[in-house]
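Visitor: Dumping the structure here so I can ask a few things about it.
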C-alpha cells in the first residue's frame, strides 16, 4: 500500500498558508466592519448578562468573552485574536514542527471566535469550509509539541481519509444543486454566457473568457457537470490512476475559476483538499525522484487494470455524449449540446445514487480502518503494539463520529435520503452544529444577472445639485477601470454590495449603517472603500447628501475591426436603490431605529494597557497598505524562506554524504569483499534509508520509552527534509 506522508505534509503546509491569508484579510477589515465605529460593531453581539464564563461560552463559543478579563474592549480583542492567528499560521508555514494538532486547534478556535460575531459579513460558505477543514486538521496533524516526534502513525490514512470525504461532499453537492435548483441557465447550458460578467469580482481574464463562442460556453458547462457530479465518484476508487485522473480534473476546474474570478481563499482551500487524492509515489514523480515502490503485479493483473480504467473513462465520455446530446457540427466547426434528460429523471438518478454513495464511503473508510488496524497488529514489541492500537482506537472512533454526523448536511441534497437517516444521527449533528464541524455546501446554485449585472452606485453631494460617484477599490463601478486581481483577499463589504444589488435595500440593513457612517465621515468605514483615503472624493469633508442608484452592467465587446475597446464595462440606469438622505433626515432615522443600528450604549473608554497599546501600534504600521498586497508579500516571503530552507537542508545532506562514504571506506576497506559494492556506490535514497534504520535500532535499545511514543513498528522518521514541502 502506498504511503501518504508527503501529501499530508503538503496539505498541512497549505492549510497554514490559507489560515494566514484568512486572518490577515479579516484583520485589515475589523475596524470598518466590527470596530466601535464600524458598520456592525461586534460588541453588540456580546451582551454581558452576568452569566458565568462557561455559560457564555456554551451560548456563543467565542474567546472574545475573555476580553474584559484582559482589560480589552471587543474591538481590541478581535484585533488581538486575529494577530495571534496570523502569527501562529505564519510560524506554522515556516516551521514544520508547528504544524501540530495543538496549533491547528488554536487556529480553529480563533477563527471560530471571529465567526461567532461576524454576522452577515462572515456568513459565507468558504468560511464554513475553512472551519470544517481546520477542525479536521486537528485530527490529521501529528502531536509534535507533546510527543516530540514527527513519525508516521498507523492511523494517518484513516484521519486523512476525512479530507477526501469532505472534498467529495463539496464537489458532488455543488454539481447537484445546480440542477435541483431548476435554474434555466444551468439546464439550458448557458450559465457561463452570463457568469463571467455577473460574478462578484471578476478578473481581467473574465472579459476575454466571455468573448469565447456560445458553443464553447455550453460545452464548458457540460464539463463542469462531469467534473462536479461524475468525477467525485472516482475519489474512492481502488484503482490509483482513476483517483489521479479525478485529481487533475478537479485541479483544472479550480485553476480556471481562479483565473477568471476572485473567490478569496476558497479555490486554494479546495486545491488543498484535492491533495488527499495523491500518494507519495506521485509526489516523487513530480519531484523527478526514483520510485521506491516495486510493482509486483503480474502482467495479466496490470492489463486488467488498464482495461478497467479505460472502460470507466469510456463510460464517462459515452454518458456525457448521451446525457447532453453532444454532436459534432462540421459546417460550423463547433459542437452542439443540450440537456437530454428531464428534472424528474435527474431526481430519480439522485435518489438512486445518494444512499449508494454513502455506502461507498462506508466501505472505503472501513478498508482504511482495517488496514491501519492490521499495521498496528504487525508491530513488534508489546508496548509499541499497545500504544499504536490505543491511538488507532481513539482516532478511528473520532473519524467514524465525524463521518456519521456529516451525513446530515450531505443528505440535504435529496429529501428521501435525508428522511431515512437515524434520528440519533440528527441529534448528534444538532449538538455540534454551533461549532461548524460539518456543513452543507452548494455553490452557484442559481445564475444571477441574466438581464444584466445589477450594481449599486453610491453618490454624494454637498449642495444636492452636483453629485459625485463614490468608487470602490475592488467592485465594478468606473467603466474604464480594469477588474481587480486580489485572490486570496476577500473585501467583505464589496461582496455584500454585490448581494445587496440583487434585492431591495430593506433586505440589507447594514447598507443603512454604511450610508450613516459615510455621512459622519468615519475613517474606518471609508478605508473599506478606499485604503488610500486620498482617493475617496469626500476625504476632506463628509458629504452633506447621499443617495444610491442601481445600474445594469455588461462587459464591453470587441470592435468590428477586432480591436479592444477603451472601456471594460457599459451600463444603463435601472432604478433608485436608496433615496437622498442627510444627517437627521426622517427616512434615515426611521431606518436606523427599525434595524436597531443606533448605538444606545454609552461610549466606552479605550483601554490603555500594554496589550492594547501593542495592538494599536501594529494597526498604525499597516494602515494604508492594500490588503491583497500585504497578503501576497507575506506568502511570497514565506515561500521564499521555505525554499531557501529546503535548499540549505539539501546542501547539508549532500555535504554529509561524501564524509560518510570516506569514513565507511577507511574503516571497512579490509572487510569488504572484492565483488561487493561499498556504501558510497548506493543512491542517496538507499543510504538515507539505511541510516534511518540504524538510528532507529540504536534508539530502540537505548530508551524503551521512546518506543512507546513512536507508536508503531513500521513507523519511522523521515530524514529527508528536502521532501517535506
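Positions of Cβ are set from backbone N, Cα and C atoms, glycine also.
Remember, TrEMBL labels are computer predictions, not curated facts.
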Visitor: Between the candidate ranges 174-197, 390-413, 414-437, where does TrEMBL place the transmembrane segment annotation?
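Guide: In TrEMBL, residues 390-413 carry the label transmembrane segment.
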Visitor: Of 291-309, 310-328, 329-347, which range does TrEMBL call transmembrane segment?
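Guide: That would be 310-328, per the transmembrane segment entry in TrEMBL.
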Visitor: According to TrEMBL, transmembrane segment applies to one of these ranges: 56-75, 76-95, 456-475. Which one is it?
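Guide: The listed stretch tagged transmembrane segment in TrEMBL is 76-95.
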Visitor: Per DSSP, what is the residue tally for the domain 'Lipase maturation factor 1/2 C-terminal' (437-579) in helix, strand and coil?
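Guide: Looking at the domain 'Lipase maturation factor 1/2 C-terminal' (437-579) with DSSP, the answer is 35 helix, 34 strand, 74 coil.
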Visitor: Check the transmembrane segment (129-146) against the transmembrane segment (310-328) for contact, please; criterion is three or more CB pairs under 8 Å, pairs 6 or more apart in sequence.
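Guide: Per Cβ check, the transmembrane segment (129-146) does not touch the transmembrane segment (310-328).
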Visitor: By a Cβ-Cβ criterion of under 8 Å, what residues six or more beyond either terminus of the transmembrane segment (215-235) are in contact with it?
Guide: 164, 167-168, 171-172, 174-176, 178-179, 186, 189-193, 242-243, 245-246, 249-250, 252-253, 277, 312, 316, 319-320, 324, 326, 329, 332, 334-337, 357, 360
Visitor: Which listed stretch (12-30, 76-95, 102-123, 310-328, 349-370) has the most C-beta pairs under 8 A with the transmembrane segment (247-278)?
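Guide: Most Cβ pairs under 8 Å with the transmembrane segment (247-278) come from 12-30.
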Visitor: Under a criterion of three or more Cβ pairs within a distance under 8 Å and sequence separation of at least 6, are the transmembrane segment (102-123) and the transmembrane segment (76-95) in contact?
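Guide: Yes, since the transmembrane segment (102-123) and the transmembrane segment (76-95) share at least 3 Cβ pairs closer than 8 Å, they count as touching.
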